[in-house]
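Data block below; observations after.
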């Protein structure tokens, strides 16, 4: 599964190989944004091109070649970032492939995230560890429907793959106004600590088509806590992983093989 990078405002072309054994075929292109289900962009069948709701030839170009098909976004915007699926349909079944489109440019967000341990340091086996995730928002510019999705991840000390350990959808424990324009909401995760819980804990906030991460808190095997660990490789991997996981909360219609492949490829890309 490739990762395609495009500059904001520039065109981006995604390609999909067509197996030679497919004679009469139909090709569907889908887009999957953070926290959303698959949305049909376009269907190609023989010489017919049929765009899905909300998509048109004004922004998208399609090409159906002999051994491949391509989808071109004529001018990328930030909302174009996400997973793009290509489905080749033949009487014997449907084959899927996918590309993650990463749009690079100036990102503007009305949210900021910080993370801390609210008990005293260190945390020993048998203690209760409580993590706090603070989400600061510009209360005057909340334009995204659906609110926030909060997830907590952990990576083991010897395991780079993240595990989702808790989800908190559209709920919060405390919200307060810090100023006339800024609001802070607090989210919590608590657990009894054992030696097997060593690793780095992150909170992730999905909203407005983007994912924001806390700074990370690391618990080692001796119960010592390191606050503020930052690892670009982990964050890059989490970006892909969280897109798929948050989408799983919304829909169960996801290809597990594709999920695992995306995780592995993102790891290889940034290692």
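Using the three backbone atoms N, Cα and C, a Cβ is placed for every residue, glycine included.
Worth saying up front: this structure is predicted, and the values here are computed from it rather than measured.
Feature annotation from TrEMBL assigns domain 'Ig-like' to 1-86 (among others). Helix, strand and coil residue tallies for the domain 'Ig-like' (1-86), in that order: 3 helix, 45 strand, 38 coil [DSSP].
Averaged across the domain 'Ig-like' (111-205), pLDDT for the predicted model comes to 73. Annotated domain 'Ig-like' per TrEMBL: 111-205 (among others), in sequence order.
Residues or ranges marked as transmembrane segment in TrEMBL: 234-262.
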